[in-house]
Amino acid sequence: SPKNKQKLKRTWETDVTNSLAFNMEKQPLPSDISHTTESEIDASAGEDHQEGSSEATRAGWNSKLEYFLAQVGFSVGLGNVWRFPYLCHQNGGGAFLLLYVVLMLVVGIPLFFLELAAGQAIRQGSIGVWRFISPRLAGIGYSSCVVCFFVALYYNVILSWSIFYLGNSFQYPLPWEQCPKQGNITAAEMECEKSSPTSYFWYRKALDITDSIDETGSFNPYMVCCLLAAWTIVCLGMFKGIKTSVKVMYFSSIFPYVVLFCFLVRGLLLDGASEGITYMFYPKLEIWADVQVWRQAATQVFFALGLGFGSVIAYSSYNPKNNNCHRDAFTVSSINFLTSVLATLVVFAVLGFRAKEKVTQCISRNLQKVAVVLSAGEIDSSLGPVFDLSDLSSVAVEDYNAWFNQHGSSFPGNITECDLEKEMQTGAEGTGLAFIAFTEAMSLLPGSPFWSALFFLMLLNLGLSTMFGTMEGILAPLSDRFKTLANNKTKLTIFSCVAGFLLGLPFTQRCGNYFVTMFDDYSATLPLIIVVVFETFSVSWLYGADRFLDDIEVMLGWRPSVIYKYLWKYICLFAMLGLLGATTIRMFIKHPTYMAWNVEEATEKRLNYPGWALALLTLLIIFATMPVPVALV
């Protein structure tokens, strides 16, 4: 009818203006749309309906809150808890924080905004977005999917460790509070005596680890079961796409903040918390002259925002086209940064308490030796400490170290320095922080099982939110690209989780921890940087930064600042190229190494990766980056 045709004509006008905004072969719009015949409108509308049917039926967020929970849940992960605090402490404290903020503003947020805008405008996963711009760029999306799958393989293993510790937290006393006995005798295990109860439980009970990556060992049945449980939870959470995963994220994204605030309040009340936070935030501006510090800060910004994974694009593709993604970029980035600072305060308050306890014990042991030496008259009493040896608990750390630096070398016996900062650095990174240092600190708290269960439940939820985003970075692009997969998305989800479990089984071997470290350090870093370099170059130079800003203006109704044009074309691109060069050079100059557990000495030792491991690393990097050049040819 004429009425329906008029309505269809208005729809066609809107589609021509908006939906083709990202085509590399953009055609000029007709100068006078009113001269278009009704038959042309009918034909065009039929084509639009056929090509856009997937978009019309595409799922969407029920509310803006759901979107924020998903985006924040993906970007805020385990790295905020155990990687950022370590980097901040090792690289100048407050000076590193300032450097991080600068890099986040000039590199992180602009690239994050780029991915958000691209996904929201085209309403496709990473493969569809870059293929829509140009078919030759589709390889960028495929590389993102491959990297997401690599990350999912080892990331879920970390979740299985959290499940194992969570299950063991419902005991009193905690199984890692004291060394076990040798069989039926009263002597403790020597490996535990040489190290610590928490280290022994982690390396011997949880992992039952081998001495090197060359010794594969058998499968750890406990970890196999925990890995199965982790993949089952992920599969159930992703069963119906974002409709089910967002329901889980209402808990998994919010609960960690509740736990962090509980730990912050409890941690600030502990003896040694102020010392820990002071060590963390004390600024050392000289670190700005170190290129490696810039590399580490840029890498942390890069991974904290989840750039290159395709998950940011996938989540934003479920937004309406008029959503203010510019504001979202600043909001999510700010929440991510503040979460890192909050986690850092918690970690170093608790680590300060742990370090103070260990230093106090160290001083007590040494002064008891000093008292024995002085009472035996083996040395001049004038060299002895001026403080009261009858009340060792009242001796300040500064007083003891001042005396030790002056007279410690003159005393016979093994009198050692008791350094608070060295104690804080012990196990303050990665799995060592979560499963050794932080676990040991919690065992010293009253009601330790409660705090332990709370902590590992928090780690589990942090990991789940990130896993949902990582899996969405795989499932959404494949479903958008292949109609058969889109029609069987539930089966695709189940198949992906089953494949992830089976391929993740090697990580549950006794040497599995070494493979997790290898994948975490090398399998994703270089490929993701390459992906983001091509993303930035494609939008800012091939497609054109001005055209991209034009499209955003059509989508949002206002034009972002022209500064983004220069950030994308020059600052971000050259920063990512610099990060790529620094990472590559470092891999060639410094032989890749890993920390291995030596059973005889009951301590960690740094070993070089063997030749076959380096070959595997090379294959992983090549396999992840190969789709980009293959699609360009």
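Placed from the backbone N, Cα and C atoms, the Cβ positions cover glycine too.
Here is what TrEMBL says about this protein:
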BINDING   Gly73, Val76, Asn80, Asn336, Leu462  Na(+) binding site
REGION    19-55  region 'Disordered'
TRANSMEM  67-85  transmembrane segment
TRANSMEM  97-118  transmembrane segment
TRANSMEM  139-166  transmembrane segment
TRANSMEM  219-239  transmembrane segment
TRANSMEM  248-269  transmembrane segment
TRANSMEM  297-318  transmembrane segment
TRANSMEM  330-351  transmembrane segment
TRANSMEM  450-471  transmembrane segment
TRANSMEM  492-509  transmembrane segment
TRANSMEM  524-545  transmembrane segment
TRANSMEM  566-589  transmembrane segment
TRANSMEM  609-632  transmembrane segment
Per the 3+ Cβ pairs under 8 Å rule, pairs at least 6 apart in sequence, do the transmembrane segment (566-589) and the transmembrane segment (248-269) touch?
no
Is it the case that the transmembrane segment (330-351) and the transmembrane segment (297-318) touch, counting contact as three or more CB pairs under 8 Å in which the residues of each pair are 6 or more positions apart?
yes
At a 10 Å cut-off from the C-beta of Val76 (Na(+) binding site), count the other C-beta atoms across all protein chains.
26
Residues from the same chain, set at least six apart from the ends of the transmembrane segment (139-166), whose C-beta lies under 8 A from its own:
78, 125-131, 206, 222-223, 226-227, 229-231, 233-234, 308-311, 431, 435, 439, 452-453, 456-457, 459-460, 463-464, 466-467, 470-471, 473-474, 477-478, 481, 500, 503-504, 507-508, 512, 515-516, 519-520, 523-524, 527-528, 530-531, 534-535, 538, 620, 623-632
Intrachain residues whose Cβ lies under 8 Å of the transmembrane segment (97-118), provided they are six or more past its termini:
22, 88, 129, 281, 283, 288, 293-294, 297-298, 300-302, 304-305, 307, 312-313, 316, 325-326, 328-330, 332-333, 337, 341, 532, 535-536, 539, 548, 551-552, 555, 560, 564, 567-568, 571-572, 575-576
Using a Cβ cut-off of under 8 Å, list the residues of the same chain at least 6 residues beyond the transmembrane segment (609-632) that approach it.
135-140, 142-143, 146-147, 150, 213-214, 518-519, 522-524, 526-527, 530-531, 534, 591-594
Hey, does the transmembrane segment (450-471) touch the transmembrane segment (67-85), meaning at least 3 C-beta pairs closer than 8 angstroms, sequence gap 6 or more?
yes
If you draw a 10 Å sphere around the Cβ of Asn336 (Na(+) binding site), how many other Cβ atoms fall inside it, taking every protein chain shown into account?
24
Taking 248-269, 450-471, 492-509, 524-545 as candidates, which has the most Cβ pairs under 8 Å with the transmembrane segment (297-318)?
524-545
